[in-house]
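> Got these off Swiss-Prot a minute ago, pasting:
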COMPBIAS  191-203  compositional bias 'Acidic residues'
COMPBIAS  206-219  compositional bias 'Basic and acidic residues'
REGION    176-219  region 'Disordered'
TOPO_DOM  1-15  topological domain 'Cytoplasmic'
TOPO_DOM  37-41  topological domain 'Vacuolar'
TOPO_DOM  85-116  topological domain 'Vacuolar'
TOPO_DOM  138-219  topological domain 'Cytoplasmic'
TRANSMEM  16-36  transmembrane segment
TRANSMEM  42-62  transmembrane segment
TRANSMEM  64-84  transmembrane segment
TRANSMEM  117-137  transmembrane segment
Amino acid sequence: MLKLTTTSVTFHVLRYFQLGLSVTNLLLASFAIITNYKVDRILRLSLAVSIISSVYFGIVRFLPVLLIFVMEIVQTVLWFTAFVTLASKFGSMSCSSMPRGINFDYSGSCKIAKIDILPEAVLFILFLATTYASYITVLSQAKENGSSTRSVLKACVKALRDTVDRLETSLEESEPLLDLEVQEDARTETESIEDSTDSEDNANIEQEKVIDGSIEHSS
């Protein structure tokens, strides 16, 4: 009984850590995107995974044990992907050399993204632990119901395939929206660059006029 209580408490502690880090990652990814003038798919991936995890924690108590195990596997894969992609892009990047402007701050976004790498790595490890715990729970319930381990694994694989298919369908539907956002942000950035270039040209023209006027007056 003591062992069961200790295991339950440990599992709930892991859940609280996962929830806290997911919310932290959600805030960091949001700030990184806000301070980044352009659309960054890697930062958006981190934000999307954080939202998925937050929703998952809200409904996990209503899910059956087998579906929880499948969702734990999916969460582990998602956090591993988010962690690896974020670390590969921002891990070795020098943030101090990146430009800053009135409407954008690449340097600040880079620094926030670097900080965000650690929570994502920890979340990946925590989900590995809860995935294993969920697997043990599924096996114990299967033994109580007289089911074999093989049948349980087959059911898990089928549920996992269905979940992956649904995620792929959702991602395919969201790609056109992301492409439109990328085009819009690229257009806005181009217009800002053109405006700044026109301002510089006008300033140079005014300066040349002043110089020409000074020369004529001297003559």
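The first residue you see is number 1, and the count goes up from there.
Yeah, the Cβs are placed from backbone N, Cα and C, and that goes for glycine too.
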> On the 0 to 100 scale, where does the mean pLDDT of the topological domain 'Cytoplasmic' (1-15) fall?
68
> In the same chain, which residue numbers or ranges, 6 or more beyond the ends of the transmembrane segment (117-137), come under 8 angstroms Cβ to Cβ?
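Counting only partners 6 or more residues beyond its ends, the transmembrane segment (117-137) has Cβ contacts under 8 Å with 7, 11, 14-15, 17-18, 21-22, 24-25, 28, 46, 53, 65, 68-69, 72-73, 75-76, 79-80, 82-83, 86-87, 90-91.
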